[in-house]
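All remarks here apply to the structure that follows.
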Amino acid sequence: LGRMKPVIVVHGGAGRIFKEREEGCRAGVVRAALRGYALLKQGGSAVDAVEEAVRSMEDDPHFNAGCGSVLNVKGEVEMDAIIMDGKNLDSGAVSAVKCIANPVKLARLVMEKTKHMLLTDRGAHLFAQAMGIPEIPGEKLITERSRDRWKKNLEPDSNPEEFQKDLGTVGAVAIDSEGNVACATSTGGLSNKMTGRVGDTACIGSGGYADNHSGATSTTGHGESIMKVVLARLILYHMEQGMSPEVAADTALDYMKTRVGGLGGVIVVNKAGEWAARFSTKQMSWATVKDDNLHYGIYAGEKHIKSVDEALACEREGF
């Protein structure tokens, strides 16, 4: 069997990235992609790589996932995450989880240690305890930025919709040397959302989908719109019809925009290892590593390329 060249693609959320946060977002997606790729190079699985990449971004306060998640209407962090293995279509997800650092890790445990696919709120909490996942105080996940945004959104004349634009869900897709694909997605959801609101991230086929027969994708953007068109699965359907990852992504994003007025972004890898990072929002932070080359960008048409060695050297010096 010809071994596949591993590929990883990550996103740090579609929307509007404020100038002062651009560098941090770029550095964060690059770091996540390099970490996932390092695992793949050592012969690690696609599932390991996407989990590692997403965990790296959950721990980075620049992104709306894990630490740095936005707050719901009651001022709490409630997070959603999913992971999926393209080999056998196994998936695990959690929704409305509180007080844990890495929801993607819990999603993976749901996939591997239960017969179920999605655990929510209290049940997810009990399962995390049973699995020995350390509980952390909710405040530990709250950044000053999230709290300020929450307060602004509570003001009578505020328009939370305006602030939703930098959504910052995080995700990763990968193909490993065995040719297996996987995806993972994690988010804090929408700022000032109703308690118990679950978006697309935890929903298989919407927040992500992975199938060795076609490829893998992870999505970001307006959750309710993504759910209406089942965006991740729609992209893979287009690839099954023969479209390239880029055309499939653009076609699906275009449909979501015209049909339900929703904006978003996606990352895709197909079973041949071709990839795409596409978005209908103003921006999306993304990075990919293939053939020991790192590509990354935030704006439409922006694409920086560095060798992995050069990128790792920059990492050590601190971007």
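Glycine is treated like the rest: Cβ placed from N, Cα and C.
According to TrEMBL, the feature active site, nucleophile maps to Thr169. Under the heading substrate binding site, TrEMBL lists Arg197, Val198, Gly199, Asp200, Thr220, Gly221, His222, Gly223.
Considering only the binding-site residues Asp200, Gly221, His222, Gly223, Thr169 (active site, nucleophile) has Gly221 as its nearest partner by CA-CA distance. With a cut-off of 8 Å between CB atoms and residues at least 6 apart in sequence, the same chain places Asp80, Thr187, Gly189, Leu190, Lys193, Gly207, Gly223, Glu224, Ile226, Met227 near Gly199 (substrate binding site), listed in sequence order. Proximity of Asp200 (substrate binding site) to non-local residues of its own chain (separation of 6 or more, Cβ distance below 8 Å) is seen for Ser206, Gly207, Thr219, Gly223, Glu224, Ile226, Met227, Leu231, given in sequence order. Minimal Cβ crowding within 10 Å, among the binding-site residues Arg197, His222, is found at Arg197.
Residues Arg197, Val198, Gly199, Asp200, Thr220, Gly221, His222, Gly223 are listed as the substrate binders, and the farthest two of them sit 16 Å apart at their Cα atoms.
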